[in-house]
Every structure is written in C-alpha cells, then in structure tokens.
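Peer 1: One structure, as structure tokens, below. Some questions next.
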Amino acid sequence: MNIIRKLKPGTISLVLGPMFAGKTTFLIHCIYMLERLEKKVVFIKSTKNTRDKTIKTHSGIQLQSKQCEIIESTQLSDVGSLTDIHAVVIDEAHFFDDLIKCRAWADEEKIIILAGLNASFEQKMFQPIVHIFPYCSWIKYIGRTCMKCNRHNACFNVRKNADKTLILAGGSELYVTCCNNCLKKQMY
C-alpha cells in the first residue's frame with residue numbers, strides 16, 4: 001500500500017516499534033516522497049538524542065536532502081512558526097513531553113508524522129506517546145527479529161547496563177531488542 005495516501009493535511013500518523021526496527025528509515029522514505037510532491041518538510045529531533053546532528057539511522061542510512069529543514073529542540077513548544085511548512089516529521093517522539101503540540105499543527109492542516117519507541121527499557125509506554133494516541137488517524141507498527149535468538153519477533157527494548165535513567169540515548173552499545181523468550185531467560 002502506498003503510504004503517501006495515508007499522509008493527509010490535518011492528520012497525525014504514528015510509527016511505533018522497538019529500537020533498530022527501521023522507524024527512522026521509514027521517516028526518511030516519507031520525507032523523500034513528500035519532497036517529490038513539492039511539500040516543504042521540517043524534521044524535528046530532540047536535543048536529548050545526542051548521537052548525531054544529521055538525520056541518520058542506526059544502520060548508517062542518512063537523509064540526503066537540501067530542502068528538508070532540521071530543527072533540534074528540547075520541547076516542541078520551543079519550535080518557532082511553521083507557517084510555510086506542509087509537513088512536520090518528528091523522530092524519537094517519546095523524547096518530547098509536549099507531543100500533544102502536534103494536535104495544534106494538525107489543526108493548521110499540516111501533515112504530522114511521528115516515530116517513537118513502543119516502550120521504554122522498563123517495558124512501559126512513554127506517556128507522551130500515550131497522550132497522542134487518540135489523535136492519530138493512522139498507526140503503523142514496525143517490528144524486528146530478536147537480536148539474541150534471531151527466531152522470534154522482538155518487541156522489548158532492554159538496556160545492557162544498570163543505569164535506571166528513563167531517557168538515555170544510545171545504540172547497540174547500550175541496548176538490545178529481544179523477544180519475550182529471551183527477555184524471560186535474560187539472554188541479553
């Protein structure tokens with residue numbers, strides 16, 4: 001199915017999944033499609049994500065766009081005017097406590113596309129994601145295979161160290177995504 005048919009002005013689309021599932025890759029694909037339709041796109045990333053200043057996936061895929069503006073912010077309410085923008089794309093949406101701000105942008109007839117984790121390392125949903133759910137006209141779940149057994153669908157994000165900080169940006173050096181069987185066996 002062509003995703004572009006789902007991305008309508010005034011709607012919020014949400015892409016969820018565990019780490020390393022391809023959510024950012026999906027967003028990059030959406031940005032390219034929107035740009036082909038001559039839509040002005042802004043990509044918002046959290047300053048809490050300290051891994052890279054560009055739009056780049058864990059697997060190294062990087063957005064190659066001269067038109068897409070990248071905004072780094074701690075809160076969405078700090079983002080300036082988006083008057084001339086057609087689409088707002090937000091990666092790591094769970095990092096934004098004021099994710100509900102997207103509703104106001106949707107009311108301004110902007111296309112909103114969010115990507116975030118399905119759950120924390122404690123296997124609990126992030127509250128900003130929970131609060132935006134009722135306003136999403138389309139929700140997509142992207143899964144991946146367990147990084148330990150390579151047999152089952154993985155939906156659990158597990159931190160490799162004992163740090164209990166809720167938000168701790170990192171990649172495979174800090175996290176593993178595993179299935180329920182490996183989580184129960186603590187095979188990470």
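In case you wondered, yes, glycine gets a Cβ from its N, Cα and C as well.
According to Swiss-Prot, the record shows the following:
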- GLY17, PRO18, MET19, PHE20, ALA21, GLY22, LYS23, THR24: ATP binding site (BINDING)
- GLU92: active site, proton acceptor (ACT_SITE)
- PHE121, LEU166, ILE167, LEU168, ALA169, GLY170: substrate binding site (BINDING)
- CYS146, CYS149, CYS179, CYS182: Zn(2+) binding site (BINDING)
Peer 1: Within 8 Å of the Cβ centre of PHE121, LEU166, ILE167, LEU168, ALA169, GLY170, which other residues of the chain have their Cβ, at the recorded substrate site?
Peer 2: SER120, ARG159, ASP163, THR165, LEU174
Peer 1: So if I measure Cβ to Cβ from CYS146 (Zn(2+) binding site) and keep only same-chain residues at least 6 apart in sequence, which ones fall under 8 Å?
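Peer 2: Those within reach of CYS146 (Zn(2+) binding site), by Cβ under 8 Å and sequence separation of 6 or more, are HIS152, ASN153, ALA154, THR177, CYS178, CYS179, ASN181, CYS182.
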Peer 1: What's the number of neighbouring CB atoms sitting within 10 A of the CB on LEU166 (substrate binding site)?
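Peer 2: So the Cβ neighbour count for LEU166 (substrate binding site) comes to 11.
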Peer 1: Closest of the recorded positions to ALA169 (substrate binding site), Cα to Cα, picking from PRO18, GLY22, THR24, GLU92?
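Peer 2: Going through PRO18, GLY22, THR24, GLU92 one by one, the Cα closest to that of ALA169 (substrate binding site) is GLU92.
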Peer 1: Can you give me the same-chain residues 6 or more apart in sequence from ALA21 (ATP binding site) with a CB-CB distance under 8 Å?
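Peer 2: Those within reach of ALA21 (ATP binding site), by Cβ under 8 Å and sequence separation of 6 or more, are ILE142, GLY143, ARG144, THR177.
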Peer 1: Just name the most isolated of the binding-site residues ALA169, CYS182, going by other Cβ atoms within 10 Å of its Cβ.
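Peer 2: So among ALA169, CYS182, the binding-site residues given, the one with the fewest Cβ atoms within 10 Å is ALA169.
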Peer 1: Once near-sequence residues are set aside, which residues in the chain of LYS23 (ATP binding site), 6 or more away, have Cβ atoms under 8 Å from its Cβ?
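Peer 2: For LYS23 (ATP binding site), the qualifying residues are VAL15, LEU16, GLY17, ASP91, ALA115, GLY116, ILE142.
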